[in-house]
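Grabbed the feature section from TrEMBL, which reads as follows:
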- B:5-144: domain 'Aspartate/ornithine carbamoyltransferase carbamoyl-P binding' (DOMAIN)
- B:ARG54, B:THR55, B:ARG104, B:HIS132, B:GLN135, B:LEU267, B:PRO268: carbamoyl phosphate binding site (BINDING)
- B:LYS83, B:ARG165, B:ARG228: L-aspartate binding site (BINDING)
- B:155-301: domain 'Aspartate/ornithine carbamoyltransferase Asp/Orn-binding' (DOMAIN)
Amino acid sequence: MLKGRNLIDPMDFTLEELEEVFQLADKIIENPAKYSKVCEGKLLATLFYEPSTRTRLSFEAAMLRLGGRVLGFSDANSSSVAKGESLGDTIRTVGCYADIIAIRHPKEGSARVASMYSQIPVINAGDGGHQHPTQTLTDLLTIRNVKGEFSNHVIGLCGDLKFGRTVHSLVKALSRYKNNKFILISPDELKIPDYIKEEILKKNNTEFEEVERLEDVIDQLDILYMTRVQKERFFNEAEYIRLKDSYILDAQKMRMAKEDMIILHPLPRVNEIATEIDSDPRAYYFKQAKFGMYVRMALISKLLGVC
Amino acid sequence: MLKGRNLIDPMDFTLEELEEVFQLADKIIENPAKYSKVCEGKLLATLFYEPSTRTRLSFEAAMLRLGGRVLGFSDANSSSVAKGESLGDTIRTVGCYADIIAIRHPKEGSARVASMYSQIPVINAGDGGHQHPTQTLTDLLTIRNVKGEFSNHVIGLCGDLKFGRTVHSLVKALSRYKNNKFILISPDELKIPDYIKEEILKKNNTEFEEVERLEDVIDQLDILYMTRVQKERFFNEAEYIRLKDSYILDAQKMRMAKEDMIILHPLPRVNEIATEIDSDPRAYYFKQAKFGMYVRMALISKLLGVC
Amino acid sequence: MLKGRNLIDPMDFTLEELEEVFQLADKIIENPAKYSKVCEGKLLATLFYEPSTRTRLSFEAAMLRLGGRVLGFSDANSSSVAKGESLGDTIRTVGCYADIIAIRHPKEGSARVASMYSQIPVINAGDGGHQHPTQTLTDLLTIRNVKGEFSNHVIGLCGDLKFGRTVHSLVKALSRYKNNKFILISPDELKIPDYIKEEILKKNNTEFEEVERLEDVIDQLDILYMTRVQKERFFNEAEYIRLKDSYILDAQKMRMAKEDMIILHPLPRVNEIATEIDSDPRAYYFKQAKFGMYVRMALISKLLGVC
């Protein structure tokens, strides 16, 4: 039963609970009109203590397409809520007005704190560099719908694997399924943290390999998850110049990739995927945004207990 | 008849008109579903020339829960309306789009000016330190629903009674009812203004008493209305240190209070109510926020003439 | 067929297509209730990269009064969309959430760029000093409804005719109809650009005349379109002092005007129309705002193909 629950960490849900969300998402994709009024009379509060237009619009579109309504704020600066009041008090007040909360906050752990004070379900829409569970659900629903299953994939994660929270969450999530192999593609400075390797990958007996250059492994991949590599993250300029092109996906590299490899990206992208790839049928990063809306529709419906 | 009227000052309404609003609020509380579409097709414009997230969300939730819709702005800085255009022109334009306006403005008297130019009802959502009539309606509905009547109460007002507009409005409002007694609890620097004593309390033959320390009188109170005391308001540090704890409500003081005393607060609170009190059944300040939404639902419905 | 089309430049539509929009607007004005649900289930995204409250509220009111819903942002500063992401990527993402986009952007040509990347209809809500087609549609619908036709008018355009994009668009639009005459009233520094005279007025054989003072010609006008003259635009102070009163419409000048001359203004006005004129039955600038909402209702319905 997901009714009344919170989603703070992508691992809060069991595989069965995730499956429940994805199955509802599938039904919504198949027949959106059938679900266009299931949240009638329900209010979503979007409490965005830092701006994140993409995420906010995705949540709002999800609620509106379910027939619900939305209120909230998009920036704490133009919000009196932030001034002097504790998060707990704000949450208790908003709980008087709304039926469900999506909260974005720059401080790690704040979504969990919010859920402790809330009488209504709380969804973490990003708390600092910590968690962003609906992005993980988005990634998973895309993989499930395009690839048909969560198992038996070779997944390339490319770019900044050190700081990228979406990457960490995706590793955790996909390690719960059988027979996946990760190829971790990053410069030495931006390798995935040790605790992910030790406590997640090895504990789950998930195969993985660490490499430095995308071109060396792209031909093996079923799924390529791209993230941005910021120049400032490198130790020195020479190293950056030597490697930067390895983390830019272009038509030349795509010629080496499998016919059915899919490209994912949490967006926004800067230049790590050349725009010449946008029309490649293997580019799924914009379709992914649509799956993001659908998975939020399913999630909201489940937490509100209307479906 | 409240249809087409404005609410600028809490005293704009007669006791009978207030009663009309509260009775509708009661019906809405009893059966919200019955009222979930009464404002279908109606638009509320929330014109917030200064941010006040709590008040804005309360208005928006109220309108959305009546089936109406909302448009507006939450901050004049990100609004072109503020640039060079007179308030009258803005109001006349917004009157072309919406059916009712809730306006928040830093300048005293601006809501009254707005109502003079408006073809549609205007609700004052706070004009500087002047008036905030829907907060008063919120306070009244809470007292009415929890205490059953507006008469025969000993009401303690505690904290900054000099600058607190919600306190002034509440004194005015409750002085219209019989057999209430006010105990005004504040440091000397922050005593209630003379005009309130002379023109309101004495004129209405309402009993009152001025004291310095909450602990001395808390046992007599039926209602305790807390407000914040800001350090900057004190004449000197020594005085502040001597008195500050008298204006903080904690479990120790609550042990002296009546079993059925209720605690109100306009929120946001800072530290004037210790969080240990939040779970005390006499703490009504969060429930008050819910009454605030309901009373706005009733008010909007009445001014639009849909109920 | 307007379904699926964009509106970037007011000249994008043929006269027949414009007529289609205006006829629908008329039907909506006659019976708004009939159209109050035609956009049920549809989402409008208002992407305002610079604030323009008036235009944004008009679009939002239009969509809400059609039963549709709205999401978006009112200011790029509080929007993460603006950070580093290309306009094309933003548009493709928003296209996953919404059914139609209204975009306001400080950069000329950006609305056209947006439409090139969009899978859903895009309406230009103003791109820098370039185009603002729904203002032109507003002006046209007002003229059509008050004057009954687009032909046979003497139209005075008064004020800053050099930089005023709404004026340029109106000249282009009305030059497509027969037997209109323009009287262009401006100081020498702010005369209408030569290309408008050469490529629009002369090519269409539209009669025009350039004068310096409103009082000299006001008695000939059927329509007076006022715009603001900013002091900074003048070459020198003496010239400004000599002329400024010529561009302020007051009761004295109105006494010389025809009984059925109508005054239009794109708003906001500053002081170029004295407030004493507001109650003159010939003042149509606030009613114009209402026509603005209706024409946007018609436009949105047509581009979505729901009417």
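Counting begins at 1 with the first residue displayed.
Positions of Cβ are set from backbone N, Cα and C atoms, glycine also.
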Would you count the other C-beta atoms found within 10 angstroms of the C-beta of B:GLN135 (carbamoyl phosphate binding site) for me?
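Other Cβ atoms found within 10 Å: 24.
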What number of additional C-beta atoms lies within 10 angstroms of the C-beta atom of B:HIS132 (carbamoyl phosphate binding site)?
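Total other Cβ atoms inside 10 Å, all chains included: 24.
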For a quick check of understanding: among the binding-site residues B:ARG54, B:ARG104, B:ARG165, B:ARG228, which residue's Cβ has the most other Cβ atoms within 10 Å?
B:ARG104
Tell me the Cβ neighbour count for B:PRO268 (carbamoyl phosphate binding site), meaning other Cβ atoms within 10 Å of its Cβ, over all protein chains shown.
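So the Cβ neighbour count for B:PRO268 (carbamoyl phosphate binding site) comes to 18.
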What kind of secondary structure is B:ARG165 (L-aspartate binding site) part of, going by DSSP in three states?
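Once the DSSP labels are grouped into three classes, B:ARG165 (L-aspartate binding site) ends up as helix.
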Relative to the Cβ position of B:LEU267 (carbamoyl phosphate binding site), how many further Cβ atoms are located within 10 Å?
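Other Cβ atoms found within 10 Å: 21.
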If we take B:ARG54, B:ARG165, B:ARG228, B:LEU267, B:PRO268 as the binding-site residues, which have a Cβ under 8 Å from chain A?
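Cβ contacts with chain A under 8 Å: B:ARG54, B:LEU267, B:PRO268.
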On the DSSP side of things, how many residues of the domain 'Aspartate/ornithine carbamoyltransferase carbamoyl-P binding' (B:5-144) fall into helix, strand and coil, could you say?
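Counting residues by DSSP class gives 73 helix, 25 strand, 42 coil.
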So which binding-site residues are near B:ARG165 (L-aspartate binding site), with CA atoms within 10 Å, out of B:ARG54, B:THR55, B:ARG104, B:HIS132, B:LEU267?
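Of everything listed, what lies within 10 Å of B:ARG165 (L-aspartate binding site) (Cα to Cα) is B:HIS132.
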Please give the average pLDDT for the domain 'Aspartate/ornithine carbamoyltransferase Asp/Orn-binding' (B:155-301) in this predicted model.
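Residues in the domain 'Aspartate/ornithine carbamoyltransferase Asp/Orn-binding' (B:155-301) carry a mean pLDDT of 93 in this prediction.
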May I ask which residues of the same chain, at least 6 positions away in sequence, place their Cβ under 8 angstroms from the Cβ of B:THR55 (carbamoyl phosphate binding site)?
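Looking at Cβ-Cβ distances below 8 Å from B:THR55 (carbamoyl phosphate binding site), excluding near sequence neighbours, one finds B:ARG104, B:ALA125, B:GLY126, B:HIS132, B:THR134, B:GLN135.
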Pop the Cα-Cα gap between B:PRO268 (carbamoyl phosphate binding site) and B:ARG228 (L-aspartate binding site) into the table, whole Å please.
9
